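Lifted from TrEMBL, the feature list:
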BINDING   Cys519, Cys522, Cys559, Cys562  Zn(2+) 1 binding site
BINDING   Cys528, Cys531, Cys546, Cys549  Zn(2+) 2 binding site
DOMAIN    291-457  domain 'Helicase ATP-binding'
DOMAIN    554-740  domain 'Helicase C-terminal'
Amino acid sequence: MYAQVIIDANHAEVDRVFDYRVPAQWEEEVCVGLRVMVPFGQRNTKREGYVIALTETTEVPAGKIKEIVEILDEGRPILTPSILELAKWMKKEYFCTLNQCLQAVMPAGIRTKSVWYAELTGQTAELSEKEQQMADVLIEQGGAVPLRELEQIFGNRTEYILRCLQEKKVVRLHQKTTRSTYKKEKRYVSLTENEELLIAAKEKAEKDKRLAGQLRVLSAICPGESISVEELKEKATVTDSPIHTLLQKGILVEQRRQEKRDVFQLEDYTPTQPFYPTPEQAQALTLLREEEEKEQKRPVLLHGVTGSGKTEIYMQLIEHVIMAGKQAIVLVPEISLTPQIMERFISRFGKRVSVTHSRLSLGERLDQWRKARDGEISIIIGPRSALFMPFSNLGVIVMDECHESSYISDVTPKYHTREVARKLSELTGALLVMGSATPDIDSYHRAVTGEFLLLQLKERTKGSTLPEVFVTDMRKELEDGNRSAFGLPLQQAIRENLEKGQQTMLFLNRRGYSTFVSCRKCGEALTCPSCNVSYTYHASDKALVCHYCGKEVPVPKTCPSCGSHYIRYFGTGTQKIEEETRRLFPEASVLRMDADTTTGKNGHARILELFGKGKADILIGTQMIAKGHDFPNVTLVGILAADLSLNLGTYQAAETCFQLITQAAGRAGRGELAGRVFIQTYQPENHAIRMAAAQDYEGFYQEEILLRQAMEYPPFSHIFSVLITGEMEQEVILAAQRLGAYMNHYAERAGCTVVGPAPAPLPKFRGEFRWQIFAKGTDADRLKAFVLYTVEQTKKDVSREIRFHLAFLA
């Protein structure tokens, strides 16, 4: 029997299956989805690989076929059939190697690590000066040194010197492989089966008062049973010492058992029962259950206003699904949302639910993966990586706040969670439910055209109403001499809230790295006339750049719209807002929630818990405080600079602005108290601001879809992005220009439009320069073929160090 194996290497040259003979003793154990160790390459380096198929024949000559040398994970497959098929689909869809897709879908922290060492053999020979220097280094380090350390000392001559030393048989190379299982073991003890020894030990302990601890230990253990060492110490009120002595004498027998870590303590949560659904919720649940029972299921878009009870619908649907013996995945876009949704699910489902996210240790995450594989949990909550949990009978996938950009992976494979979840639902027969108060335009368009099933919740539960919204024109504030980040109406509202003992959330509508330039008199932001997106201000060049088409213009001295000299670039942070808040309201207790204040496993939960318990009057933050949180005592939300996301420099800027404002506004008045929202803006007439203030998603969609159609942006076209990166700036620019030339040459024939090349929004990141180019077309397949062909042609003309990162934007 032969196994077709994918090698754990990301090079395109080895992105194919390699045949290996399965040793006779493992023919019953080797199966599809298993991790194995195999010899690979001329040196027969031991490499990790993944069995993706089994066959009785091979085209590899009998004298050249190699054998699997080790099977991993106790012979249990790490890839379920559906997850393996999903990885194969992702490879085709996201233009990367199959190994990169397998790494994305496998649990973190299990890969085998390999290190090559140079080691002295003990033989002597006549050596050159450089050879002697390397031999001296090996002697100083105890006879063996990793090759990487030698390369740091001897640079590009390392390989030549080593080859010479090998030929003289002074040095040999060998490989060490290590793997971390991150398993947690617990110690248990039981009484020996040797009755004579046991009776003698008890009699001796009864006679000698100094052995009272040993007697209590022996009395605490029931014959034929085992007890954990920790439980025994507590039960017998002893330290480790008497237990250790009894183990040494063979009177106690020790066993070690692997245990899966829990990531919460059930006693910390109060059990809850399902709420009686409102008529709207009842209708939505009926339609969801009907759809879930169909053979061919449509993805469902649950569009409900903030506070309409979408989470309760998720939970009641999931209860229905797990009662049928199936499992559920609940995806959330931000780690900060996990504690609150986790509390609601644990209180309802207890130990049937668990959670995973990057703030947990690798061991904790791996144990939750094992619990899902072993059928110990039925529900997992987590970010996009939770989608790949190895459930055996998946029934529903919930994608909460489905509009969020964090559902799009920013590392290879650059997948969109919505599309991958949709494919997984097809492979498993699970129902995909996407929920949002502010769906992205593309998803809502698919819903209104019938591709998705659209369910709507238009009313808040618990009798609460949507908050009252006030728009502050910051141009007027400036004219009146107020140069603070806080308009006077918001300042007054915060003071009123402090007097009433009610809480306030201050939201800085900012994401990304770019700053934009606008006029503080008329509010006009400087935009590219060709692309209808905001220019990005580059302080180093003192220029404005469009990151779509690359157009670069100097910063004007006067506003092109009104002639004012009061032009400035925008970009302010939460720390400055916190300083000003403390200055204006010294009597208030203030918390700030951003990347700097939420480090560590429970950083988000700690701040949210403090605020939820009323330990602070004001919470300041960016988008991580804008969604999903439910604080009944929050009656005021201030959105300090709505324009910041309105001018992101992308065609989706208005959509992002509308979503963030609506989500932030939804935090106010969720309890019995009425809520107020203050939106501060220099562009109150913009349709995204107007519709967010009115909390009118339908109105926003109708205006935005017409603009998209006029500009031929998605969903009326597809956009493909190519990011060009490399360490040499001129080589990157040359590659971008060469690709642009090829694309423009073939664009008309392919029915595509080319935009760029231009510097990326982050022109340099982690030591690499970055340029980007976009291609737009109405036929997705033709567009894909066009981009792939032109990229392959460009690769022939540029340095091999240049990398091309391909992604479908929509």
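Yeah, the Cβs are placed from backbone N, Cα and C, and that goes for glycine too.
The Cβ centroid of Cys519, Cys522, Cys559, Cys562 marks the Zn(2+) 1 site; residues of that chain outside this set whose Cβ lies within 8 Å of it are Lys521, Gly523, Glu524, Pro560, Ser561, Gly563, Ser564, Tyr566, Ile567, given in sequence order. If you compare Cα positions, Cys562 (Zn(2+) 1 binding site) sits closest to Cys528 out of the binding-site residues Cys528, Cys546, Cys549. In the three-state DSSP scheme, Cys519 (Zn(2+) 1 binding site) is classed as strand. In this view, Cys559 (Zn(2+) 1 binding site) is surrounded by 20 other Cβ atoms within 10 Å of its Cβ, with every protein chain counted.
On the backbone, the CA of Cys522 (Zn(2+) 1 binding site) and the CA of Cys528 (Zn(2+) 2 binding site) stand 18 Å apart. Of the recorded residues, Cys519 (Zn(2+) 1 binding site) and Cys549 (Zn(2+) 2 binding site) place their C-alpha atoms 23 Å from one another. Look at the binding-site residues Cys519, Cys522, Cys528, Cys546, Cys549 and count other Cβ atoms within 10 Å of each Cβ; Cys522 has the fewest. Cys562 (Zn(2+) 1 binding site) has a Cβ environment of 12 other Cβ atoms inside 10 Å.
Cys528 (Zn(2+) 2 binding site) sits 14 Å from Cys559 (Zn(2+) 1 binding site), counting Cα to Cα. Each residue contributes its Cα atom, and for Cys559 (Zn(2+) 1 binding site) and Cys549 (Zn(2+) 2 binding site) those atoms are 22 Å apart. If you average pLDDT over the domain 'Helicase ATP-binding' (291-457) in this model, you get 92. Cys559 (Zn(2+) 1 binding site) carries neither a helix nor a strand DSSP state and counts as coil.
Cys549 (Zn(2+) 2 binding site) falls outside any helix or strand according to DSSP and counts as coil.
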